[in-house]
Amino acid sequence: MRSKKMTHGLEKAPHRSLLHALGLTREEIERPLVGVVNAANEVVPGHVHLHTIAEAVKAGVRAAGGTPMEFPAIAVCDGLAMNHEGMHFSLPSREIIADSIEIMATAHPFDALVFIPNCDKSVPGMLMAMLRMDIPSIMVSGGPMLAGGTLAGRTDLISVFEAVGRVQRGDMTMAELDEMTETACPGCGSCAGMFTANTMNCMAETMGLALPGNGTIPAVTAARVRLAKHAGMKVMELLEKNITPRSIVTPRAVANAVAVDMALGGSTNTVLHLPAVFGEAGLDLTLDIFDEVSRKTPNLCKLSPAGHHHIQDLHAAGGIPAVMAELTRKGLVDTSVMTVTGKTLAENLAELNARVLNPDVIRSADAPYSAQGGIAILKGSLAPQGAVVKQSAVAPEMMVREAVARVFDSEGEAHAAIMGGKINKGDAIIIRYEGPRGGPGMREMLSPTAAIAGMGLGADVALITDGRFSGGTRGAAIGHVSPEAADGGNIGLVREGDHILIDIPARRLDLLVDEAELAARRETFVPLEKPVTSPLLRRYARQVTSAATGAMYRK
């Protein structure tokens, strides 16, 4: 066993002494040592209950003959970090999470690992570490939050973000907003819609690195605790059979993940996270692959923010197994892939009798919400290397649109203009110098997009940025424009009043300025250099790659 490097032989007597200092017996030290990576904290609503999940995991490990050893991981709440300097640090935390787990699991050579994340960057960060370490491992997340609301109807966190604009517009009172803030997020769990955290937890299940139900079983249920116990027991079986993450995550698993992502209408952040995750296994996932899969995969679900359903509804309708079963009927999922159950996907679906239980929540592949997937990749003179839009959440009026550029060099300037009533129908808000390097950190633009929706402009105004978006964003929100402005991208050449052509069906995003004029602008163009006081962010800006390749560190 891997842990024998730390526990076995004459020379390791001092090591055993330190383990005894933890209260471990000789018998416990001789058993397989299982690292339990727990991202619990008292800051993030999606992580506040993870100690309960960890205790269940450890009980499962002990029941199956192992010795669990828990250690922590950081986690950022993107909702709390939104619209201030804290958001610069969210995406960089993904790499720090992966690196810190590599440090812990190498310095202390565990035989197996159980990963317990829940929210936005903790899930991809842990998946990256899982594939990097490639020892028997399993993931079990904390589960989704239930939707909130009152007798008047359901709400979630995005309802509150958009309500800010409604109050500014005069459509809602502060008293009504205060009531919504107290009811929209009713308890622990990852925010209730198909936002980034829940999308990535569904992806972990789809990849075969988590047990069925991981993406959708609500956080507050006993079923979630039982799932955690099963995960603890299952990792011991994976160890016995030497089933490692890289034996599960193959090119076929990559294709499955992207297909399910498109069927779900998942967060655009998957276009950053999945390439980074699969890259740890030596697998390439390009923007062209995303678009190729999207063009042939039907969009079966419209969960919040694209629709009124939530993750709890997806779970009741059959969950990820039902979505995969429906895609399998059309030959869009390869069911021969291995999973952490120790069985193939086909065997799992058969055991679960996977099927759609509510065709309103999970549409038939014969009658989807749309014939194409939730995400589209756009290219053109404004984004030669690509840009990303959640087309399943775009109003029909904005699918093809020529708009007038309103140019801002930061999120804060743009948000102030929206809230100040300075944005008009037909405008395309350009927010630049918010990319991975230029931000630095590629902040999410949820506050501006929510303000657009709240101000009643969702069907009339586009937002185009080299930054990124929350999974809760809806509307004509086009992000990840590459190359970014800080790297000399054409988004840096846009001027106030320029015309922008958005053509999502044709996959085009063009700056309607002739080549001669663009060349003249480029001759005098000097990218804006923002002052960066944080040493971490300065290092990040030097190391990070383009959003078009997952905003990973340079290898």
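Each Cβ is built from the backbone N, Cα and C atoms, and glycine gets one as well.
Within the same chain, residues at least 6 positions away in sequence whose Cβ sits under 8 Å from that of Asp120 (Mg(2+) binding site) are Val76, Asp78, Ser90, Phe195, Thr196, Ala197, Met200, Asn269, Gly471. The feature Mg(2+) binding site is assigned by Swiss-Prot to Asp78, Asp120, Lys121, Glu444, with sequence analysis given as support.
The [2Fe-2S] cluster binding site annotation in Swiss-Prot covers Cys119, Cys191. Taken residue by residue with DSSP, Cys119 ([2Fe-2S] cluster binding site) is part of neither helix nor strand, so it is coil. Taking the Cβ of Cys119 ([2Fe-2S] cluster binding site) as reference, residues of its chain lying under 8 Å away and at least six apart in sequence are, in sequence order, Ala39, Val44, Gly46, His47, Ala75, Val76, Cys77, Asp78, Ser190, Ala197.
Marked as N6-carboxylysine by Swiss-Prot: Lys121. Residue density at Lys121 (Mg(2+) binding site): 28 other Cβ atoms are found within 10 A of its Cβ, drawing on all protein chains shown.
For Ser470 (active site, proton acceptor), the same-chain residues 6+ apart in sequence whose C-beta sits under 8 angstroms from its C-beta are Asp78, Met82, Ile158, Phe195, Thr196, Ser267, Asn269, Glu444, Met445, Leu446, Thr449. The active site, proton acceptor annotation in Swiss-Prot covers Ser470 and is backed by sequence analysis.
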| remark: Around the recorded Mg(2+) site (Asp78, Asp120, Lys121, Glu444), other residues with Cβ within 8 Å of the Cβ centre, ordered by sequence, are Val76, Ala81, Met87, Ser90, Leu91, Cys119, Thr196, Ala197, Asn269, Ser470
| query | How big is the Cα-to-Cα gap, in Å, between Lys121 (Mg(2+) binding site) and Cys191 ([2Fe-2S] cluster binding site)? | reply | 14
| message | List every residue in the same chain as Cys191 ([2Fe-2S] cluster binding site), at least 6 positions away in sequence, whose Cβ is under 8 Å from its Cβ. | response | Pro45, Gly46, Gly79, Pro144, Met145, Asp156, Leu157, Ile158, Cys185, Ala197, Asn198, Gly472
| task | Out of Asp78, Glu444, give me whichever of these binding-site residues has the highest number of other Cβ atoms within 10 Å. | result | Glu444
